[in-house]
Amino acid sequence: MGSLPSVLEYSPMSHHMSILQEITGESSIDGRLVRSYKRSFNGFAARLSEPEREKIAEMEGVVSVFRSEKLHIQTTASWDFMGLKEGNNTKRNPAVESDTIIGLIDTGIWPESESFSDKGFGPPPKKWKGVCSGGKNFTCNNKLIGARDYTREGTRDLDGHGSHTSSIAAGNALAGASFFGIGNGTARGGVPAARIAAYKVCTSTECGSEAVLSAFDDAIADGVDFISISIGGGAARRYEEDTTAIGAFHAMAKGILTVNSAGNSGPKPTSVGSVAPWILTVGASTTNREFLTKVVIQNGKTLSGRSVNAFDLQGKNYPLVFQGSEAKGKILVSVYSFSSDVAVATITKDYKNYATISSRPLSALSPDDFDFLVSYVNSTKSIQGTVLKTEAEFNQKAPKVASFSSRGPNPIAVDLLKPDITAPGVEILAAYSPLGSPTEDIDQRHVNYSVLSGTSMSCPHVTGVAAYIKTFHPDWSPSMIQSAIMTTAWSMNASDTGVASTEFAYGAGHVDPIAALNPGLVYELDKADHITFLCGLNYTSKTLKLITGEAVTCTGNTLPRNLNYPSMSAKLSETNSSFTVTFNRTVTNLGTPNSTYKSQIVLNHGTKLSVKVSPDVLFMKSVNEKQSFTVTVSGDNIDPKLPSSASLIWSDGTHNVRSPIVVYTDVPNDSI
């Protein structure tokens, strides 16, 4: 905050934007700048990490920097959080958006959901070649234009997962959506005017890998523009054994981008399950909304726990007792993470750090608050309290990568950074199947909208962003869209110590839909580049054919790290010696003609690397012009428990094209 300068030409908003661009290194700060104050005083509200806040506080002319107060918000907020606002507040291309088809490979879909109503929709796009084979009593419409089943159950969603992911990507805007009043707001997808095709490959117990490959085969032939698959098989597999990677390779060859969830096996290193460069791999992070369930104890102290608790005890106090005591008519305090069937409510210790739906009144307290409560109950002969209904509150620390989100490094191609990007995947409200249980317990409630967390939720967010980009750039290839998303991402800083809080958690950063529309430069890749990459991994012609479906002969020996990827990563063989590694890259100008891009290197995590770029200036005379450069990274005695990283930023004054650079050795599993 500061006073308004007297210079007549001064524009407060432009000044605020330039400050944020300088601090964050991002070309577009639409997702950062919350509000600009420019009439009575000079200041702005923005989403900042703690290091960014400290940098601004030290700038000349800045009087003060302080946190906003915690306010209650009631909105379905993930798209707003990313800057993709509702209705006319976001630039749209409705005609092209309506011609966009997203194929979702999942547990099916609930066709009667209002999120998939075709009110206001015209007939399916002429390019659509698919069918509606959803099974008995299943009807498609002009929104849900296709359905196929590979489970013998029919395409109807019996679980809720597929309906949830479908509505995140492309669901209609529906006002008044909530889970029993919790999170009330407008539920909508990233591209609400787009069409949906559902490919059911999962039952409630399993997803067949052969079904996944069949779904890819059909989706490609049906004419989808994107494939979103929030399914994973746990540990990463070699590409020729990974049906998602094989199917996605064929999709890429046909100009279709596949977006895949990173997995929910974090924070353990090397747990990322989606590791192919022709797939956009998505981790999960928080938004600025969190669901908190308060515990009020007799002394008036309030403790905030996590759960999605739709039950209201009307503020009535009940005795607090421990596990092993008679709990009927009382509130059970237990270290176990499940609710009691006989207690009025349960207070547990939070092991997840995110809220899940409970089938009975429950609040999961942080370890510190739980220990305080236990100590307080032990010191008091008789203490009472109550558990309140969940409320949505403002989360000042977002975005932060979820603990469950699978981490790198990539165990299959060690010189390829995965995951690629992170997106909202924690406590997401979206459409659901009324046949699916909202909890893992026995739960008699049936809902049309529910709250879920996982990289399954973050994946369709990025699918929606990719589709949004293509509505403005229909001629962009999958690699161009992927590059635009990665190089314009919000930079993220380590939220904790250890490898779990580095680029192995979030890749290039947090997706920024608006900035990705205008990336300036992109890193392009085609089928031949990916084949060269596989050859560099010493794949034989026989193995290559399993992936590509055609006879391929490798020529030359190109290092995998020289794949023209938007990120740069190299695994070193030793930790205690000096090293030098190089990365060769080529960028394509999608900005303006006669532009000059200058390189900048930003070192991260206290890294002591030497990074040189040659040439360090690129002169782009025309649009679509390509220019190559080399990045040379050198150093010695790097930390074996943490990656050494930096960012390369190409800037022409308008665009900031950022790529992470990561150098590491073997990362032990205990380094989280």
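The backbone N, Cα and C atoms fix where each Cβ goes, and this holds for glycine too.
Taken straight from TrEMBL:
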ACT_SITE  Asp106  active site, charge relay system
ACT_SITE  His161  active site, charge relay system
ACT_SITE  Ser456  active site, charge relay system
DOMAIN    10-73  domain 'Inhibitor I9'
DOMAIN    98-509  domain 'Peptidase S8/S53'
DOMAIN    562-663  domain 'Subtilisin-like protease fibronectin type-III'
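Between the CA atoms of His161 (active site, charge relay system) and Ser456 (active site, charge relay system) there is a gap of 8 Å. Assigned with DSSP, the residues of the domain 'Subtilisin-like protease fibronectin type-III' (562-663) fall into helix, strand and coil as follows: 1 helix, 62 strand, 39 coil. The two recorded residues, Asp106 (active site, charge relay system) and Ser456 (active site, charge relay system), show a Cα separation of 10 Å.
Here the domain 'Inhibitor I9' (10-73) has a mean pLDDT of 63 out of 100. Under a cutoff of 8 A between CB atoms, and with a sequence separation of 6+ in the same chain, the neighbours of Ser456 (active site, charge relay system) are His161, His164, Thr165, Ser230, Ile231, Ser261, Asn264, Gly425.
The active-site residues considered are Asp106, His161; of these, His161 has the fewest other C-beta atoms within 10 angstroms of its C-beta.
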